[in-house]
Amino acid sequence: MGKITIAIDGYSSTGKSTIAKRLASTLNYIYVDTGAMYRAVTFFALQEGIINDRGEVDEATLIDKLSEVHLKFVSNKETGRSDMFLNDENVEKEIRTMQVSGFVSKVAAIKEVREKLVKIQQEMGKDKGIVMDGRDIGTVVFPDAELKLFMTASPETRAARRYKELLEKGEEVTYAEVLKNVEERDRIDSTRTISPLTKAKDAIEFDNSDMGLEEQFERIHDFSQRVIERVN
Ligand code: DC
């Protein structure tokens with residue numbers, strides 16, 4: 001059976017990765033969370049002191065040091081998921097903090113960062129059989145993907161989901177802070193000059209504000225089955 005490429009884009013905390021992960025596992029496809037890659041570069045910048053106390057990113061230094069950034073996903077047998085490794089160190093936990101969330105959109109707006117990561121992503125998907133989630137997968141990384149989804153939900157719904165996740169991880173954060181971060185990232189991600197977050201013309205828009213996980217998964221799985229049948 002010929003495999004396809006599935007691109008899942010959308011706003012932050014729309015549940016893209018939960019759906020993408022499950023879809024990949026059901027179809028026996030590779031799953032790639034591209035947000036984790038932008039987060040790892042941001043964590044690198046923080047570690048290297050390239051982001052100052054005022055929250056400004058020293059772009060020239062980061063671009064200079066990009067060749068020192070080596071990223072890979074390593075499957076974790078305990079969780080059944082892939083962990084993000086930065087220069088051979090597991091940074092899966094470190095990249096999910098509010099600190100990284102606060103800077104990642106700035107780092108992701110840098111052209112050279114995007115060029116480097118897009119190239120790696122295209123290489124990972126060259127044999128198809130991949131579900132990739134992010135912001136520019138259907139528009140830039142795989143414009144020829146056979147199935148493109150664009151996930152949306154209200155900022156309040158998304159912030160509530162993210163808040164719950166962060167509390168479960170033991171982060172001390174308020175709902176108001178999370179909502180502010182979600183709205184700020186939406187704004188930066190959608191208005192940046194290079195590859196802004198936008199729905200590809202041929203993407204299916206999927207608003208899951210009032211939809212449970214099970215229903216979402218069934219509908220999206222159904223879409224993918226139909227596309228797979230059509231191409232085979
Ligand atoms: O999916 P996420 O929330 O973990 O992504 C973190 C940030 O990375 C997001 O605010 C924008 C950026 N990003 C991007 O610009 N392009 C992608 N393909 C994936 C993420």
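Backbone N, Cα and C atoms are what each Cβ position is placed from, and that goes for glycine too.
Database features (TrEMBL):
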DOMAIN    6-222  domain 'Cytidylate kinase'
BINDING   Gly10, Tyr11, Ser12, Ser13, Thr14, Gly15, Lys16, Ser17, Thr18  ATP binding site
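Annotation note: Gly10 (ATP binding site) sits in a strand segment as assigned by DSSP. Apart from Gly10, Tyr11, Ser12, Ser13, Thr14, Gly15, Lys16, Ser17, Thr18, the residues listed for ATP, the same chain places the Cβ atoms of Asp133, Met151, Ala153, Arg158 within 8 Å of the centroid of those Cβ atoms.
Within its own chain, Thr18 (ATP binding site) has Leu213 as residues 6 or more apart in sequence whose C-beta sits under 8 angstroms from its own. Each of the binding-site residues Ser12, Thr14 was scored by how many other Cβ atoms lie within 10 Å of its Cβ, and the smallest score goes to Ser12. Long-range neighbours of Gly10 (ATP binding site) (same chain, six or more residues apart, CB within less than 8 Å of its CB): Lys16, Arg135, Leu149, Phe150, Met151, Thr152, Leu197, Phe206. In this structure, the binding-site residues that sit close to ligand 1, with a C-beta under 6 angstroms from any of its atoms, are Ser12, chosen from Gly10, Ser12, Lys16, Thr18. The domain 'Cytidylate kinase' (6-222) scores a mean pLDDT of 95 in the predicted structure.
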